[in-house]
């Protein structure tokens, strides 16, 4: 009878194709169910009885290999053994296996295990051998490593710019992996065709990918290749896809890839460490060569010049602690090349004993331009010993040596404690820890800028000294991000000493460029804080090693964050950096393994255009040849000669250097050479440019700046622009030179455009650039640009700089003082320039009284001393106000302050006294000036002309010639004014010849003055010839020509010139309009006058008070008194000149009482009559016969302003009394003229006219002699005297007067009358038969002669006879 177990076994044995359901979890975590046929199981599977008492254990044992179908097959014997071992350990009593193992099987099992052990040992041995072989190959092939740039490779990976930029590339790589997996399966299943196809497509895809790292670098056919690969993979999936098989294959490939990755990581780490220590051969030999020559050439006793600057706290001091000669040179030279004032920069270099000779030798033979260098040996700091420094004390302990140096290895550290300073590891080097002892190293300095040797300076660092650290000790750039460079990354916050004192999320900051306030350092005992924490960390439980952790601790809450643009870190390992950040940074830091001088970094930075790369490449490309021992001497001689402006000596020293066959290696050496060439020899400068190109120095920013500056100063601005366009790296000096060059040439628009372009490119302007641009905005009145720039100044923090604010003051002062005053009131620190700009601005804007008030306020300001420029502005204010009293006070102040030796102040004093009608004082100032220039002579000359002392002006010009002073264009203009006064054509022609001889013909001011002088001398043909010769005629030229024709009595020609001026589209100004109105006034033609009035209205000039007054005078000359009054009423803002013109118009047209009424109206409007007004009133009374009113008015003038009356007033009164027949009273009036005023030709002429009228020959004879004496060239006096003698019957005297006219060649001016005929003014001249209406008028004139009473017939006949003789 069968048991249940046997029955169950029999059933299982008999039944075939039983479905077995398996539940499992796949690699993605999802639950899967799979159905398996029992017939598919191999013979190693054993069926167990489900009725067994250990059913649960048996089922678990049976199902164990089915749970994970991806695991390798497990033999039944192994599983059974594990099962038995498990139960034997877990049960109460031992239990025998259900199926005993056969001895043969057990033996086979042992043999298999032995084979596995031997195979494992072989694999381990082979792996070690392969690893050793790869390391040896890496070392042997290190120099042959291809590190050149491939394709579009950049140090900034493109995937950081766009994360989705390589989707096609990733797809193709995934396809290759899948193809390899399917190919392996196809080979196992003998699918040879499919296998070959997969391998072929994999190779083609790999070729299409090549060395691409992004989609942009893939070949154009890559996408098609991906599609074809996708098709073959689809076919493979349909034929071969089996989840278990594919998963097993991929897992095997993954495990193999992980092994390879780990192996490559180890090799990469080894190679990186090896490369980080690999220097190019020339750089490796550099310290050795320098040290050898240092001792061979006897430089041990050589010292650095200008050692007095080492401890001058007013200069800019830098600290550099390094044992790398080239790196230190890069830091120093890049700083000096970008410094605006390199002579004020001092570099303190500390190195170790091993490199001291090389470092000193390098800077002795290659000193930076104008800067001062000090090189010290750290071993010479005797105070820095183990008893004082915790680091040195810890290094001497056995535990520290064991930890850092593995003291069992004798070669790790030489004997003796004196070598510990430079024999210790990198993180304990005293050159690193010396930064914590800056006050002890430099006890007399107040501030110092610490620089690492792996930085490069790209901008002027001078402004960082003006950064307010706000009471902090350290100024540094913060480097932390969300989870980067925080305190918890460096310090052990599990230690309570750290956790209780510091914030784990506190932001770290950078060592590399640090501004240290040494005063605060000493006050807070920072070195003591450092010592305390170093003592606490002796067991290395607070931090591991390095100087950054103790730096974070020491300066915790004592660090002021600087702007990030000062210092950019992580170049080469931080992919988040972009090119704009690097280019805009003042200092770039190459921290990490990618130092610029390593072979590892050369290819990485090959495309960089920065200065350091050029220097490194030059050091590696050219052999290191040390200069002769005389080179420092020659270099110092060149710089000394350049400092004193001896440019010929500079070129002479340079020729000596070339003749000696020595080639300078410092590009900054050529700066004074090019500067000398810009002064002496343009051709020599071009050859220097060629030399710089040959030596490869042209790519240096400093050299490019010097070349560009040479071309700008030599006038070859196009070459400068070309050089600027070719520069790969531009700094603030580059932009300053090109912008300044454009501004000097007057290209203000181009200069501003360049500034805007620089801002777009990320250029951060410095103070000098901003000052230049503000000046450009002021010159071209670019209000919008200037306002935007001021907004930028406020946002960027430049608004606190005094020089920038002074430029802003100048900009605003050009358009009005309202905004300038607001800026001035907000300034906390006003210097003398601020006051000077404000005072000069008020003077320029016609607010001279406000300017003098500011000057008085400035005198009482604390800490501000008045300079010469301020005095000049104050004197201009006195000149504008004609305030002689204040001017004398300022003159006294000038003498007390010793400013009278300033030639500009002396010139301003001459001008002030001249404009205040004190020519004698001006002469005295001129004679007392210790130094005079051409401006001094011209100021006095123009002063004489202004005060109508033309003879004095003429004699002063003679004195100029005797003193050897060559007249300039201003002198010519003043002399032409003298010629106009004397109406001397010969003198005018003499000045013209001087203009031609001295090359002033191209000066428009001189030529315009010549045209005017010839016209005033009645040589209008010469004026017209000069006018026609001019190639370029401006508005002044045309206006002068119109005025000249008008002066010479040719209004038609003047109006024709105006019409031609309109035809050629020359802009008309108010002066042109005044000259046109004067021409129409001269012609007295009403139609023309109305036309000119219309032109003034259309051009927008009629509302100007000067033009409106000219219109009034024009209508008055036409006799249109109603139009005159209307024109007067249309003037919007009437001044004293307008009222005076109205009074004169009434008087000229015989309306004397209306003139007096106009005077009363003027007084009602609050205006006081000036000398011109009073003269017009007196003339109106004289011509209108208002004797009593005239006398009363004159009496009032005597009482009110007797000392201010002019000779013209007395002459007019003589004319008034003479017309009334009161000759005795007229004579008495002339006798009472003040002594300062001598009766002139006009007064005696008025008396002579009265004597002729009233027949007083005796008094008339005296008057005639005075008139002819004063004006011998004026025909009026001769004719009056002749008529007087003829009227009195003295024919001999009358004939004598006529004879004198012919003898002296006096030109007779014929009288004429203007008569309006058909709205046209016709001129009728006595005896002129060429006039157009002579046939009509001659008969009427004869009738008038017959009707006129001619007196007695005898006298009449004699008179007719006398007239016929003319």
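Cβ coordinates come from backbone N, Cα and C, glycine included.
Positions annotated as compositional bias 'Basic and acidic residues' by TrEMBL: 53-62.
Summarising the annotation, TrEMBL assigns region 'Disordered' to 53-81.
Annotation comment: TrEMBL describes 731-765 (among others) as repeat 'PPR'. With helix defined as DSSP H, G or I and strand as E or B, the repeat 'PPR' (731-765) counts 26 helix, 0 strand, 9 coil.
What TrEMBL lists as repeat 'PPR' is 831-861 (among others). Break the repeat 'PPR' (831-861) down by DSSP state and the numbers are 25 helix, 0 strand, 6 coil.
Long-range contacts of the repeat 'PPR' (933-967) within the same chain, counting only residues at least 6 positions beyond its ends with a Cβ under 8 Å from a Cβ of the stretch, are 903, 906-907, 910-911, 913-915, 917, 919, 922-923, 926, 974-975, 977-978, 981-982, 994, 998. The repeat 'PPR' feature in TrEMBL is assigned to 933-967 (among others).
Here TrEMBL flags 1003-1033 (among others) as repeat 'PPR'. Counting residues 6+ beyond its ends, the repeat 'PPR' (1003-1033) has Cβ neighbours under 8 Å at 969, 972-973, 976-977, 979-980, 983-985, 988, 991-992, 995, 1040-1041, 1043-1045, 1047-1048, 1050, 1066 in the same chain.
Within its own chain, the repeat 'PPR' (1034-1068) has Cβ neighbours under 8 Å at 1004, 1007-1008, 1011-1012, 1014-1016, 1018, 1020, 1023-1024, 1027, 1075-1076, 1078-1080, 1082-1083, 1088, 1099, counting only residues six or more beyond its boundaries. The repeat 'PPR' feature in TrEMBL is assigned to 1034-1068 (among others).
Panel annotation: around the repeat 'PPR' (1135-1169), residues 1105-1106, 1108-1109, 1112-1113, 1115-1117, 1119, 1121, 1124-1125, 1128, 1176-1177, 1179-1181, 1183-1186, 1189, 1193 of the same chain, lying at least six beyond its termini, place a Cβ under 8 Å from a Cβ of the stretch. Look at TrEMBL and you will find 1135-1169 (among others) tagged as repeat 'PPR'.
When the repeat 'PPR' (1003-1033) is classified with DSSP, helix, strand and coil residues number 23 helix, 0 strand, 8 coil. The helix, strand and coil residue counts that DSSP assigns across the repeat 'PPR' (1135-1169) are 26 helix, 0 strand, 9 coil. Confidence annotation: the repeat 'PPR' (1003-1033) carries a mean pLDDT of 91 in the model.
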